[in-house]
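Visitor: Have a look at this one.
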Amino acid sequence: MVVAIEPEEKAEHPIELVLARLLRLGSLVAAALLAVGIALMVLGQTVLAPKLITAGLLVLLGTPVLRVTAAAVIFVKERDWHFALFSLVVLCAVAAGIYFGKGM
Amino acid sequence: MVITFITIFAIGIAAGVVGAILGLGGGIIIVPALTLGFGMSMRTAVAASTVCIIATSTGAAVAFLRDRLTNTRVAIWLEMGTSLGALTGALVAALVNQRVLFVLFGLLLAYSAYNMFRTRKEHTRPEVVPDAISSKLRLGGSYYDKALGRRVEYQVTRTLPGLIIMYFSGAAAGLLGIGAGIFKVPAMDQVMGMPFKASSATSNFMIGVTAASGAVVYFARGDVKPLVAGPVVLGVLLGAILGARLMMRMPASKIRLFFMPILAYTAIEMIYKGVKWW
């Protein structure tokens with residue numbers, strides 16, 4: 001399947017492509033770790049398998065946070081201060097959620 | 001054990017496909033399947049489902065971002081509401097009467113199901129005029145609709161009401177453990193005037209962030225069981241990638257048709273939870 005993207009359009013929306021690449025990397029690594037972990041579990045490797053699965057889940061968990069961070073960096077680079085600030089607010093709220101959630 | 005893995009994996013795929021098409025987290029399938037079908041505790045099921053929300057979001061977003069179906073600017077603007085709302089919800093959870101909230105949010109969903117049903121035949125909606133914030137932040141967008149075979153350009157309006165609704169939808173997620181996408185899609189589609197497919201894809205993109213902080217907390221408490229979450233999450237990841245491809249080729253009217261009964265069902269379930277005698 002070939003989807004033609006005009007070059008000027010590519011330059012107009014770089015953020016989508018950067019984020020897409022980041023999310024694809026995150027889901028591929030997570031899927032690979034999960035698949036190997038589950039396969040080992042089925043084969044009876046009960047020590048290593050849960051560790052690999054947990055690693056896969058953690059990679060997946062980190063991906064959205066990394067995605068907001070990457071967006072923030074891109075907005076700062078583009079001097080789009082409004083959206084850089086919005087991304088920062090989101091990051092702080094997520095961090096605070098983790099901090100308070102752990103205490104409960 | 002292999003059979004259980006395969007069944008859980010298959011449930012994950014189904015949830016991923018549905019979640020990616022409708023812009024939801026898929027908890028509506030995963031939580032009942034794991035608790036009723038496998039006798040797992042609510043805690044284990046909700047923890048697994050929260051990680052699945054991230055899987056749906058991440059898996060589907062790759063395709064949606066490439067096709068510009070996701071409006072990243074709208075997503076980041078509204079994520080401020082959802083993430084702050086989720087934080088508030090988690091903090092005040094002990095102080096509020098959950099039953100009243102279930103009824104209130106249930107009625108809200110019922111209203112938006114009715115509204116969606118009422119406007120189901122309207123293929124051309126009135127021209128959306130961007131409000132001041134929308135113009136200043138350049139929130140409008142365009143995407144190539146594979147089902148229509150043409151580019152769809154759109155504007156976004158009622159930016160502030162949208163943000164406020166997202167705040168409450170985030171709070172509902174934090175308080176009641178529901179509403180990953182079920183509030184977000186109607187808010188963008190019906191309030192902010194975005195096309196349904198852009199609403200669904202943008203909702204999909206946003207739900208991963210709100211779920212991330214919850215998932216970290218479940219992880220820290222040890223509620224995420226690798227042997228349950230592993231197969232279901234892998235299934236959801238693959239299902240979401242598949243579902244995203246399907247969604248881009250589906251006409252928006254058909255996706256709405258799938259969305260409405262789920263909206264109505266969730267509304268009834270929430271109102272029931274609120275009014276039933278414990």
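Just so you know, glycine gets a Cβ as well, placed from its N, Cα and C.
According to TrEMBL:
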type	residues	note
TRANSMEM	B:7-34	transmembrane segment
TRANSMEM	B:46-65	transmembrane segment
TRANSMEM	B:74-94	transmembrane segment
TRANSMEM	B:100-117	transmembrane segment
TRANSMEM	B:160-183	transmembrane segment
TRANSMEM	B:203-220	transmembrane segment
TRANSMEM	B:227-248	transmembrane segment
Visitor: Grab the same-chain neighbours of the transmembrane segment (B:203-220) for me: Cβ-Cβ under 8 Å, and only residues 6 or more beyond its ends, written as numbers and ranges.
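Guide: Result: 19-20, 23-25, 46-47, 50-51, 53-54, 56-58, 60-61, 64-65, 70, 72, 75, 78-79, 82-83, 86-87, 90, 170, 173-174, 180-181, 184-185, 188.
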Visitor: Are the transmembrane segment (B:46-65) and the transmembrane segment (B:227-248) near each other by the rule of at least 3 C-beta pairs under 8 angstroms (pairs 6 or more apart)?
Guide: yes
Visitor: Check the transmembrane segment (B:74-94) against each of B:7-34, B:46-65, B:100-117, B:160-183 and return whichever range has the most CB pairs under 8 Å.
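Guide: Top-ranked stretch among B:7-34, B:46-65, B:100-117, B:160-183: B:160-183.
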Visitor: For the transmembrane segment (B:46-65), find every same-chain residue at least 6 residues outside the stretch whose CB is under 8 Å from a CB in it, and list them.
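Guide: For the transmembrane segment (B:46-65), the far contacts come to 12, 15-16, 19-20, 24-27, 30-31, 34, 72, 177, 180, 201, 204-212, 214-215, 218-219, 223-225, 228-229, 232-233, 236-241, 243-245, 247-248.
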